[in-house]
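Q: Below is the structure I would like to discuss, written out as structure tokens.
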Amino acid sequence: MTTIHTLGYPRIGAQRELKFALESFWKGASSEDDLRATGSALRARHWAAQRDAGLDFVTVGDFAWYDQVQQTAALLGAVPTRYGFDPAQLTLAQSFVLARGNADHAAMEMTKWFDTNYHYLVPELTPDLLDRQWGPGTEWLFDEVREAQALGHRVKVVLLGPITFLHLAKARHGLADKLALLPQVLQAYTAVLQRLAALKVEWVQIDEPALVLDLPQAWVDAFGPAHQALAAAKGPKRLLATYFEAASHHAALIQSLPVDGVHLDLVRAPDQVAAFAPWSADKVLSVGVVDGRNIWRTDLTRVLAHLTPLAQALGDRLWIAPSCSLLHVPVDLSAETKLDDELKGWLAFARQKLDELAVIKRALVEGPAAVQGELDDNRIAIASRTQSRRVHNAGVKKRVAAIRAADAVRAAPYPARADAQQARLNLPLLPTTTIGSFPQTPEIRRARAQHKRGDLPALDYLQRMRTEIADVVRRQEALGLDMLVHGEAERNDMVEYFGELLWGYAFTANGWVQSYGSRCVKPPVIYGDVYRPEAMTVEWSKYAQSLTSKPMKGMLTGPVTMLQWSFVRDDQPREQTALQIALALRDEVCDLEAAGIAAIQIDEPAFREGLPLRASDVPTYLEWAARAFRVSASGVRNDTQIHTHMCYSEFNDILPAIASMDADVITIETSRSNMELLDAFAEFAYPNEIGPGVYDIHSPRVPRVDEMESLLDKAAQVVPVQRLWVNPDCGLKTRGWPEVEAALQGIVEATHRLRAKHANAKRAGSKAAHVEGEMA
């Protein structure tokens with residue numbers, strides 16, 4: 001009989017119970033026993049959901065207090081040495097020190113989990129780990145297995161695989177080769193598998209998503225010996241799981257591994273199963289056919305047509321699952337109160353995806369007639385979405401199709417634009433500015449919430465926001481900044497604010513997903529063709545500009561970021577949706593210009609996040625992503641200055657694409673790297689203007705003036721001073737006014753000092769500046 005299972009389930013709870021329990025514990029408002037009780041209740045509820053839906057196993061090992069990669073490290077005994085903690089006795093409080101840091105220890109580094117919006121804690125591998133035996137680590141996994149078994153569940157354990165674990169880790173303090181630690185890692189995994197066998201666990205899902213990547217040969221070669229060692233452990237049966245992309249380029253390797261089954265993601269790569277034919281007669285094939293990363297209902301008719309031949313060929317050896325862990329989607333659609341019935345009928349959250357698996361299984365095992373009602377309901381929902389006028393707008397599609405090459409190019413090259421912009425803006429050498437947002441006080445948040453509930457009339461809300469804007473403008477002028485912003489008091493979130501004003505977007509009430517630890521996000525839903533019914537920011541920026549003679553930046557979120565931080569429709573290429581958003585933003589940019597706004601910032605913090613996992617797919621993505629930005633920005637005159645902002649730790653591999661965006665000014669996060677990120681821009685000879693951040697807004701610490709002056713000196717050594725701007729690393733929304741004003745005062749003072757050192761230099765925008773810039 002066909003087996004159905006899930007690779008993982010959301011851990012936060014339908015009402016974000018884990019988030020609130022964690023934050024209560026961290027504040028000292030509740031005990032560790034209280035926190036553990038919440039975790040136990042959530043696990044029991046989630047296992048019951050899997051059982052009640054008819055899954056053949058419940059998945060154990062997907063729960064984590066903060067992050068599953070950190071918990072894997074704790075299980076293996078791979079706690080970073082610098083903390084001085086005993087791996088075998090690691091307490092819950094100590095595990096939070098690893099994740100969050102304290103006065104004595106910096107937190108572990110955090111980065112994106114493959115190409116998702118989830119963040120994991122990066123394991124730290126140091127040379128001293130070569131000389132010690134790994135394990136035993138903490139007992140959490142075995143405790144949770146016993147917990148599930150005590151509730152009567154049939155258990156399948158999920159465990160991050162050894163090669164992916166090492167690949168995701170970082171070598172530190174001179175460790176030359178992460179793979180040198182493979183023997184220690186395998187020793188620990190062997191002990192874990194043997195413990196699981198003693199607990200009568202039937203199956204262990206070994207997650208090796210690194211197999212979808214372009215791996216160096218040494219890493220490819222490591223899979224064979226590693227999984228031979230796991231096989232020798234005589235543990236439970238092992239299901240090797242790959243996801244997020246095709247693993248077909250490693251098909252021969254995967255087929256050779258001594259595992260009992262393999263999971264393939266057929267949502268991201270539906271054709272890859274052919275590369276594995278003929279399937280081994282003694283192995284299970286698990287196919288991921290329900291999308292674990294998006295919120296749309298599965299087209300069950302299409303999936304069954306695909307699976308029926310596989311079911312006939314494999315029989316009981318066919319397993320069915322989501323494409324990946326359901327960690328990346330909200331928990332339960334039944335908790336959703338904000339969406340209308342039509343749109344809600346197109347969606348499936350984690351709990352509903354379990355039900356979809358059950359329908360697929362019954363249709364394959366008992367025949368479609370056994371679930372005819374469910375299949376008919378699914379067909380109606382799929383047809384409704386396909387044919388809905390809310391989804392399809394002929395005018396939007398026609399406008400995208402009509403985009404010409406000239407629509408994605410500024411009227412003149414940068415040097416000519418720089419002349420026109422300097423003539424209009426008359427900026428000094430090393431102009432000072434900020435990234436956009438200013439502190440959001442409790443009063444600001446309260447006014448927004450009251451207005452949203454209908455408790456604060458529109459005119460009263462407008463006046464309160466105008467008062468905040470006037471205060472922000474006054475403070476910036478008093479500080480002596482050169483280019484001002486309005487402060488974004490009216491915005492709760494840089495994507496949600498615009499999404500609420502664009503057609504084609506919808507917002508859930510409880511569509512929360514975990515980003516990391518206790519941080520949850522509620523991505524908007526792009527369900528249809530996107531267009532702008534009316535101006536979104538013009539009146540705010542126009543009012544702010546009326547208060548000052550200094551230039552005021554308009555502030556927008558770019559098309560790629562609007563795309564990346566949303567649940568995106570899956571019925572057309574992402575490029576098309578990005579271009580629709582770009583055209584909506586283009587209209588806003590042109591309206592801002594017409595209202596007298598001379599500088600417009602189009603933020604793209606998620607530009608790099610969209611990079612595909614496979615190198616062969618990267619050029620296509622970068623081409624359309626940069627084009628979408630240019631479409632949004634290229635409708636303005638030469639004397640209107642276009643800014644963008646990005647915050648990454650690595651630019652080298654995407655610098656040509658960033659240059660092709662052709663923003664007049666790019667501001668970047670550099671203070672934490674001590675300006676080292678600028679080296680890449682210098683080596684590439686980035687042609688336009690750059691604003692390297694000199695103040696780390698993520699820290700409450702206010703840097704000294706001499707520190708910021710030193711950072712600017714370093715910046716001026718790698719980028720011509722004529723093209724340098726001075727700014728913080730990022731927006732100031734989360735900081736308090738006292739530290740913000742102190743830091744900005746320091747920025748202005750450091751800038752004055754640097755201007756004195758370069759008194760003879762000319763700003764970009766004069767012929768003399770072009771010559772000097774070329775000579776620098």
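Cβ coordinates are placed from backbone N, Cα and C, and glycine is handled just like the others.
The model shown is predicted, which means the values in this text are computed figures rather than measured ones.
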Q: The L-methionine site in Swiss-Prot lists Ile435, Gly436, Ser437, Asp603. Which one of Glu488, Glu490, Glu496 belongs there according to the record?
A: Glu488
Q: Select one of Lys112, Lys452, Lys714: the residue that Swiss-Prot places in the 5-methyltetrahydropteroyltri-L-glutamate site alongside Arg16, Glu17, Leu18, Lys19, Arg519, Cys520, Trp565, Glu609.
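A: Checking Lys112, Lys452, Lys714 against Swiss-Prot: the 5-methyltetrahydropteroyltri-L-glutamate site match is Lys112.
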Q: Among Cys324, Cys730, which residue shares the Zn(2+) site with His645, Cys647, Glu669 according to Swiss-Prot?
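A: The candidate from Cys324, Cys730 that Swiss-Prot ties to Zn(2+) along with His645, Cys647, Glu669 is Cys730.
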Q: Starting from Gly436 (L-methionine binding site), work out which of the recorded positions listed here (Arg16, Leu18, Lys112, Glu609, Cys647, His698) have their Cα within 10 Å, and give them in sequence order.
A: none
Q: If you draw a 10 Å sphere around the Cβ of Arg16 (5-methyltetrahydropteroyltri-L-glutamate binding site), how many other Cβ atoms fall inside it, taking every protein chain shown into account?
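A: Step by step: centre on the Cβ of Arg16 (5-methyltetrahydropteroyltri-L-glutamate binding site), count other Cβ atoms within 10 Å, giving 18.
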Q: Using DSSP, would you call Glu609 (5-methyltetrahydropteroyltri-L-glutamate binding site) helix, strand or coil?
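A: Its secondary structure by DSSP: helix.
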Q: Based on Cα distances to Glu488 (L-methionine binding site), point out the closest of the binding-site residues Leu18, Cys520, Glu609, Cys647.
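A: Nearest candidate: Cys647.
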Q: Which are the residues of the chain, Ile435, Gly436, Ser437, Glu488, Asp603 excluded, whose CB is within 8 A of where the CB atoms of the L-homocysteine site average out, their centroid?
A: Thr434, Val485, Met494, Met555, Gln601, His645, Gly731, Lys733
Q: Calculate the distance in Å between the alpha carbons (Cα) of His645 (Zn(2+) binding site) and Asp603 (L-methionine binding site), and round it to a whole number.
A: 5
Q: List only the single closest residue to Cys730 (Zn(2+) binding site), chosen from the binding-site residues Arg16, Leu18, Ser437, Cys520, Glu609 by CA-CA distance.
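A: Closest by Cα: Ser437.
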Q: Nearest of the recorded positions to Leu18 (5-methyltetrahydropteroyltri-L-glutamate binding site) by CA-CA distance, picking from Ser437, Asp603, Cys647, His698?
A: His698
Q: Just name the most isolated of the binding-site residues Leu18, Ile435, Cys647, Cys730, going by other Cβ atoms within 10 Å of its Cβ.
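A: Output over binding-site residues Leu18, Ile435, Cys647, Cys730: least Cβ neighbours within 10 Å is Cys647.
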